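Peer 1: Handing you a structure now.
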Amino acid sequence: MEEECRVLSIQSHVIRGYVGNRAATFPLQVLGFEIDAVNSVQFSNHTGYAHWKGQVLNSDELQELYEGLRLNNMNKYDYVLTGYTRDKSFLAMVVDIVQELKQQNPRLVYVCDPVLGDKWDGEGSMYVPEDLLPVYKEKVVPLADIITPNQFEAELLSGRKIHSQEEALRVMDMLHSMGPDTVVITSSDLPSPQGSNYLIVLGSQRRRNPAGSVVMERIRMDIRKVDAVFVGTGDLFAAMLLAWTHKHPNNLKVACEKTVSTLHHVLQRTIQCAKAQAGEGVRPSPMQLELRMVQSKRDIEDPEIVVQATVL
């Protein structure tokens, strides 16, 4: 019998669509993980629509929920997964919870998507309050084992700009020195020999071999861009990286290939369905571009590798 692997996922929840916990829970369950989800917000839909309604969980409410788990001795976890957070006190409470869970299980792996902002047309901007950045740098990242920043977030966390692959590798080394053993820059605008229609994923993993010396594995993936705005892809990426690094703990190349290939299959299915719904020459709406997660169940379970990683 396969050993149970339990994940505490603290992320947003939407009634309709797939972001945050909704983008992470189903795929992880399909891959055999037990998911305990704390919904940091409960919204009708993601905020890319014209309207949304809902409630936001505050740090006291998060503490109360965790206290219920603790009192029942249900705070033994193998993984913690966190994503988008807007509130400084909520983030500080997440740090307290992860620290306590690591005391309960020193082998717990904390997977953090440090959602801070992104680049549009080469210009970066933050979409969370700026006072969250020092909390991420000083408390969250040092506690994390796996982080999945985009290029702009990696630049913010390291205080360094990235203009080349060499600079990206140096930034990843800086992020390793802050704590995490695995750093994956999930998208960057570095040049690709395949043309301007590609974005670059870079990964770096620090491991100890049986002799005790440190081994580094670095990978690069050139991924063709899709001409559409999807929401929830970063949440799905972090969840799939959790799953595939668990299943391939000493092979970042395979873990990233399976993660990126899963996203490829989900996005291709989504864009095909969205275009069919929108009709010829009409740009699909946010509702039509919601990730086709359930329809992609087989691809999530056993993704055909369609994007190869290069070992650097």
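Placement of Cβ uses the backbone N, Cα and C atoms for every residue, glycine included.
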Peer 1: Report the candidate from D113, D222, D227 that shares the Na(+) site with T148, T186, as recorded in Swiss-Prot.
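Peer 2: Of the residues offered, the record points to D113.
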Peer 1: Pick from S44, S59: which one does Swiss-Prot list as phosphoserine?
Peer 2: S59
Peer 1: Check the candidates S177, S213, S261 against Swiss-Prot and report the one noted as phosphoserine.
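Peer 2: Going through S177, S213, S261 one by one, Swiss-Prot flags S213 as phosphoserine.
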Peer 1: Can you dig through Swiss-Prot and tell me which residue of S192, S285 is labelled phosphoserine?
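Peer 2: Swiss-Prot records phosphoserine at S285.
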Peer 1: For S59 (phosphoserine), just give me the three-state DSSP call.
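Peer 2: SS state of S59 (phosphoserine) = helix.
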Peer 1: If I take the alpha carbons of T148 (Na(+) binding site) and D118 (Mg(2+) binding site), what is the distance between them in whole Å?
Peer 2: 13
Peer 1: Report the nearest neighbour of S59 (phosphoserine) in space among the recorded positions S12, T47, S164, S213, S285, comparing Cα positions.
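Peer 2: Checked the recorded positions S12, T47, S164, S213, S285; minimum Cα distance to S59 (phosphoserine) goes to S12.
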Peer 1: I need the CA-to-CA distance for T47 (pyridoxal binding site) versus S285 (phosphoserine), whole Å please.
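Peer 2: So the alpha carbons of T47 (pyridoxal binding site) and S285 (phosphoserine) sit roughly 13 Å from each other.
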Peer 1: Let me know the DSSP-derived helix, strand or coil state of T148 (Na(+) binding site), please.
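Peer 2: Note: T148 (Na(+) binding site) is coil by DSSP, not helix or strand.
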Peer 1: Name the residue among the binding-site residues T148, T186 whose Cβ has the smallest number of other Cβ atoms within 10 Å.
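Peer 2: Taking T148, T186 as the binding-site residues, the minimal 10 Å Cβ count falls on T186.
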Peer 1: Would you mind reading off the Cα separation of S213 (phosphoserine) from T186 (Na(+) binding site), to the nearest angstrom?
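Peer 2: Rounded to the nearest whole number, the Cα-Cα distance is 28 Å.
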